[in-house]
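Visitor: Grabbed the feature section from Swiss-Prot, which reads as follows:
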DOMAIN    2-40  domain 'Beta/gamma crystallin 'Greek key' 1'
DOMAIN    41-83  domain 'Beta/gamma crystallin 'Greek key' 2'
DOMAIN    88-128  domain 'Beta/gamma crystallin 'Greek key' 3'
DOMAIN    129-171  domain 'Beta/gamma crystallin 'Greek key' 4'
REGION    84-87  region 'Connecting peptide'
């Protein structure tokens, strides 16, 4: 398992909370989060309790303020440790319910449009490993954690539309 430390103030100051497992509600430990240190593992942070709201993917490293993890505010209310796997495989479909097979990926894709000439993906099947989906190319914009399993519609991964810009494998390379 990984280890992550949340700090109420920027620059690793103020009250802190150390975490080494999934936590559906961080509100009892701190009221705001302005800096984070990830000592080990990869983590997905959520702006609301019970793994809801905006998602932020973090790897090992220091994040002295919330802009460093592309945060919109100092609200972090739940977190998940992402298990590491050595192999990754995902199937992308251009329509919902696994219709219109686009391709199978085993590596990162910085621009879905350049590779497949599509701006939208309506369903996915994650066969191996965990992935982070980004709504914009080059790993920017809203982020969504994809664990192994079925995603019949974009709502299943938490998105409000089918816009997909890039996909990245979750790998702790540091």
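Each Cβ is built from the backbone N, Cα and C atoms, and glycine gets one as well.
Mind mapping these onto the model and telling me what they sit next to?
Guide: Long-range Cβ contacts of the domain 'Beta/gamma crystallin 'Greek key' 1' (2-40) within its own chain (Cβ-Cβ under 8 Å, at least 6 residues beyond either end) map to 49-51, 58-66, 69, 74-81, 172.
Assigned with DSSP, the residues of the domain 'Beta/gamma crystallin 'Greek key' 2' (41-83) fall into helix, strand and coil as follows: 4 helix, 22 strand, 17 coil.
If one looks beyond the domain 'Beta/gamma crystallin 'Greek key' 3' (88-128) by at least 6 residues along the same chain, the residues whose Cβ comes under 8 Å of a Cβ in the stretch are 137-139, 146-154, 156-157, 161-169, 171.
Among residues of the same chain six or more beyond the domain 'Beta/gamma crystallin 'Greek key' 4' (129-171), those with a C-beta under 8 A of the stretch's C-beta atoms are 42, 44, 54-57, 70, 80, 82-85, 87-90, 92, 96-98, 105, 107-114, 118-123.
If you look at the region 'Connecting peptide' (84-87), the same-chain residues 6 or more away from its ends with a CB under 8 A from one of its CBs are 41-42, 106, 128-130, 170-172.
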